[in-house]
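Please read the structure below before turning to the comments.
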Amino acid sequence: MDLRVEGLSHRYDDLEVLRDINLEINAGEIVCVIGPSGCGKSTLLRLLGGLEQPSEGQVLQVGEPPEGSLNPLTYVFQDFALLPWRSVEGNVSLVLEGHKIPAAEKEARIADVLERTRLSDFRNAVPKQLSGGMKQRVAIARALSVNPAVLLMDEPLSALDSQTRELLMDDLIDLWERERFTSCYITHNLAEAVRLGHKVVVLSRRPGLIREVVEIDMPLKERTLSNPVVAGIQQQLWDMMRKEAQAADVELAG
Amino acid sequence: MADVTAGATPSPSETRPVRFRGGGFLPKPRRIIGFITFAVILLAWELGSRSGVIPALVLPAPSEAWAAFMDLVRSGNLQKHLSASLWRLFLGFTFGSILGLIVGTAIGLNSLARSALAPLVSAIFPIPKIALLPLFIIWFGIGEGSKVATILFGCFFPTVIATYGGIDSVDRALIRMGQSFGLSRVDIIRKIVLPAALPAILSGMRISASISIILLVAAEMIGAEYGIGAYVLLAGNLMSTDQLIAGVAMLSVFGLTVNYLITLAERRFLAWRN
Ligand SMILES: Nc1ncnc2c1ncn2[C@@H]1O[C@H](COP(=O)(O)OP(=O)(O)OP(=O)(O)O)[C@@H](O)[C@H]1O
Ligand SMILES: [Mg+2]
């Protein structure tokens, strides 16, 4: 299933946040969105998944979601959004309980996603006992359990320390290599964008409009930290963003 | 080299450990000390009465109150008083809390309910419910109805306020998470909103439990044959202060018991907090 964004604009009362966004998120690709703070990245993601209604334009689903998908558009949040009173298993089962699936299948889905995110040993732990990286893995397991067509991720790594981020980034790359999931990935970390994105969408400062879409057709596995091509693209993105970021910073401060 | 570093370190007389200043402000309950406080007060009181420092007319000795209590046990009336009071308390508290939960949840989640009911609740909450007892007697009769209604009303309002306050402070990110996974409205309320509001709801229940004991006694003092309140009132009228103290002590035990039950509930349901 693809997502197509057509002429999307959004405003909060007098505040124009997004202007005329046109974008394709094709099956099997990760689209990274970067832009200065406050430019409307999170708003764009909420519009993509139907958590908010756009002032103008529309978001279209193209094609059918995969067989067995319980929630085609699924989020992974920056602050994890785990229920503190439920165990790891309970947090995953929360999103399966409302669907009419047999108990055995539910159990199988839980076991499967915990296995895939290497959490099987922590089934009965509660969020408080887990490190930040593990909490985000639980959130990713929960998202995978409903077999989403598109994963909508809003800065999923930015609440984590840099080493954990690096590890989880490797996990995400492995996961994509295995499953070729489709994703819209918001970040303001350029390094993340160039490591994960098949397309990197650069937004301008508010009102956010698409400044540039950079396609990177190098296999994810080859994009190591020391790869000069990757570094070059990152530099190129930063050159594009620098002025916007500076201007946005002054706007917010002033 | 060694000389240079030696010169840089301060002389020994200036060396001292950093003073610890991070302590305090973390009171920990020590159960035994609570019991000791009770024991010391009772003992002093008993000794005071026996030695004549506290005149028997002013305050009877704890042992006399105990004797009055044992009389009550032997007469077989204890059970009648207790069961009458507990039944009223149970009915009033249970139904008051349930209704309060329902209305509080409606106010917490629904704009119409909030606009219509929140001001009403704020207006009626501060009225001492006991002032309404005569009205309740007219509406619900002099018997059990008016007493239960008083307690029910007294519990209802604090529960409403605690519930919608708790719901207001539920992390919106969790609700949005529920919506993003397509959970039904009922499931979001049952599995996300209410569990998250439970700490506030339980502390509201602590308050409403105390209020209901106060109202129980007040209601029983107005026209009841049996009940702790009636017993205390009768004792007062006869100036038998030993019975009065015995009755009041029973009320205090009521309060402690209810508090303990709520603490148990908190331990059971809110274990995830610590
Ligand atoms: N619900 C809302 N009501 C009013 N204004 C909002 C709302 N949500 C966001 N905004 C405003 O819209 C603008 C864009 O917000 P958004 O959160 O989408 O930015 P962002 O690009 O995700 O920023 P950041 O990099 O800080 O995460 C901000 O100026 C914000 O204050
Ligand atoms: Mg954001």
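Including glycine, each Cβ sits where the backbone N, Cα and C put it.
As given in TrEMBL:
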type: REGION; residues: B:1-21; note: region 'Disordered'
type: TRANSMEM; residues: B:31-48; note: transmembrane segment
type: DOMAIN; residues: B:82-262; note: domain 'ABC transmembrane type-1'
type: TRANSMEM; residues: B:86-109; note: transmembrane segment
type: TRANSMEM; residues: B:116-142; note: transmembrane segment
type: TRANSMEM; residues: B:148-167; note: transmembrane segment
type: TRANSMEM; residues: B:211-232; note: transmembrane segment
type: TRANSMEM; residues: B:244-265; note: transmembrane segment
So which of B:86-109, B:148-167, B:211-232, B:244-265 is most in touch with the transmembrane segment (B:116-142), counting Cβ pairs under 8 Å?
B:148-167
Under 8 Å between C-beta atoms and at least six residues away from its ends: which parts of the chain pack against the transmembrane segment (B:148-167)?
88-89, 91-93, 95-97, 99-101, 103-105, 107-109, 114, 118, 121, 124-125, 129-130, 132-133, 136, 139-140, 193, 196-201, 203-205, 207-209, 211-212, 214-216, 218-219
By a Cβ-Cβ criterion of under 8 Å, what residues six or more beyond either terminus of the transmembrane segment (B:244-265) are in contact with it?
59-60, 62, 64-66, 68-69, 72, 82, 85, 89, 202, 205-206, 209-210, 213, 217, 228, 231-232, 235-236
